[in-house]
Every structure is written in C-alpha cells, then in structure tokens.
Amino acid sequence: MGIEPNILENKKRHIEICLNKNDVKGGCNFLKFIKLKHNALSDFNFSEINIKEEIFGYNISMPVFISSMTGGSKEGNDFNKSLVRIANYLKIPIGLGSFKLLFKYPEYIRDFTLKRYAHNIPLFANVGAVQIVEFGISKIAEMIKRLEVDAIIVHLNAGQELMKVDGDRNFKGIRESIAKLSDFLSVPLIVKETGFGISPKDVKELFSLGASYVDLAGSGGTNWILVEGMKSNNLNIASCFSDWGIPSVFTLLSIDDSLKANIFASGGYETGMDIAKGIALGARLIGVAAVVLRAFYDSGEDAVFGLFSDYEHILKMSMFLSGSKSLLEFRNNKYFLSSYLLDELGVFKQFYGT
C-alpha cells in the first residue's frame, strides 16, 4: 500500500514553500543587535583554534547540526539521504524528519533507517509530542530502537498543527508523556520547538521532565504557521502570527549558565556570523535547516559543502579576532549587546519573570 497522495503532496508543498525565504520568515532573530568583542592582540597561531565538540559519544567537527526538516515523500527521502551522507563526511550531527507516518506505513521504515550512512556522527530520529500520547510510550520507544539512532527529538509544534486544516487539536498529556518517555529510553531525549521558541521557565520544566537537551528553535527563521497558511491559502489567519514567538537570543540571555551545556539554539541562524554569535552566547550547538534546504535545491551537494566550509572559517575567524583558541574561551563573555537589545531583554525578563 502506497502513502496517500495527499500526504505526499503536503510534504512536497512544504519543501516548495520553504524554498522562498521571504514568504515564510517570521519575526526578528535579534542576532544583528549582538556584537562580538574584538581583540587586536590575539597572540597565537590561527591553526591552534579548536572548534571540535564531543557529544553523544562522538567527536564532531564543529558545534553545528542539521536540524530535522522533512521525510516521507520521494523528494524528502532523497534529500535526507544526501544530507546524511554530507553530514557524515563533515562529521556533524543531523536530525531526520518525523517518523509519524511509519505507524501507518511501516513498510517505509528503510527510508528512515539511515544509520548505515552515518557511521561517524550522531543521528537523531524525530516525532511530535502529540504522537507520544497518540501511539503510546512502548510503540514510540520500539520505533526509536528499530531506527538505530543516537538520540530522539520530540518536537512541540502546536502553532503549525492549529494552522493545518487536519492538524492535531488535543495536546493534553504531552508533559506526562515526555516524562514517561524519558524514563523509558536508552538514548538521550532532545525536546525542541519548531520556530516559536521556548521560555526560560519552560526550559527548566523540560529538564525537570527528563529532557537531556533542549533545542530552543526560536522565532526569526521559518514560521510554520505561515508555511501552513500558504499551503492552505489562508494567510488572513496565518499573517496575524508572522512575528509570533520567542527569539532564541532572549532565552539564551535569560537562563542560568549552568543549563547552557545542554542547550541547542536554532531558528534563523543562517550565516557563519549567526552561528558564532549563538555559540558566544553559550549554546552548545547551533541548528541550521532552511538555509541548507535552499542551498541544496539551488545548487546541489557542492553548495551544502560550501556553506559548511564558510561556517567553519567564519567561526574560526570570529574566535581568533576575539582572542579565543577554544569554544570554552569563546563562550566566556566575548560579546556585548546594543542598547536596543538591552531594553528589549529587560522587558522580556520582566514579562517572563526571570
């Protein structure tokens, strides 16, 4: 039995819509209001700079990962397979698209079982928090085991679902399900938003529920309410939420430093300088997604390799010019904030009680 045509068409449309950045970018990521400190007396060899990280039992080449995007359609599966191979060569982690459809179409599991292409890197499976409630802890855990991944991402995407005509409406029980799943798993649990951010209070709660890592996935990147609004030709509603959400910058600047080793940041990180700023703010890893999708569909695998080569050089340059040999040094007060961001941050902290 093949996958229903409407499901395949929806996934294909997601890719098509996300290729046009200007149509689906939501809000401001506030990264432009952060400046990295300049040190004119960096007294060491550029080759001494080390941007490698050890995480999930692997040594990765830089503190960047490819965030989950799509899967299920032929286009999405081919895209994922290519990206996993690229990520393995580059030695960076990668997340796969949601495996929700495998509960209805288990015969397609090989399209999601890509560890055979990812021997050198952490590979993440991905499913919605609502699906844990829907299918139960044991089925989710068994699927994760079959997919042979190094960690599981549980995504929170209420905004997207509420905008979909046939999306989920009942989110009751997701907290309890996340907590129970964390107890049941033999791999780390990553909980992420999908472009609307996570408040400092919710970050603490997710860790208390058993999350190993939290990906802030803030506003300022792809806005999935706009994506669904475009897909259903209903921008009258979707456009009202064009600037909805919390930029990851605000949460990074508001949480305790002790939590940051387990914090990933994504949502509008597109350039090497964006990545450098996110790392300087303390994020363990920075996630990139749509910018990779666009590079791949514009110019193929070579463009993706070029993108990550630029990321590596810009991050190393930023570290050298701020007098940092290591990521640890780079995360040690190597930035300053504009007066505008300081004012906005003050309002944010007051509003969210941090």
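Cβ from N, Cα, C; glycine included.
Secondary structure at Q160 (substrate binding site), taken from DSSP and collapsed to helix, strand or coil, is helix. The substrate binding site annotation in Swiss-Prot covers K11, K12, S98, F99, K100, Q160, and the record cites sequence analysis as its basis.
For S67, S68, M69, T70, S98, N126, K192, T222, A289, A290, the entry in Swiss-Prot reads FMN binding site, with the evidence type sequence analysis. Using a 10 Å radius centred on the Cβ of A289 (FMN binding site) and all shown protein chains, the other Cβ atoms total 24.
The Mg(2+) binding site annotation in Swiss-Prot covers E161. Note on E161 (Mg(2+) binding site): other Cβ atoms within 10 Å of its Cβ, all shown chains, come to 20.
Comparing CA positions across the binding-site residues M69, E161, K192, the one lying closest to K11 (substrate binding site) turns out to be M69. In the three-state DSSP reading, K192 (FMN binding site) counts as strand. Taking the Cα atom of each, M69 (FMN binding site) and S98 (substrate binding site) are about 8 angstrom apart. Looking at the residues that bind FMN per the record, S67, S68, M69, T70, S98, N126, K192, T222, A289, A290, the two CA atoms farthest apart are separated by 18 Å. When the binding-site residues S67, S98 are scored by other C-beta atoms within 10 Å, S67 scores highest.
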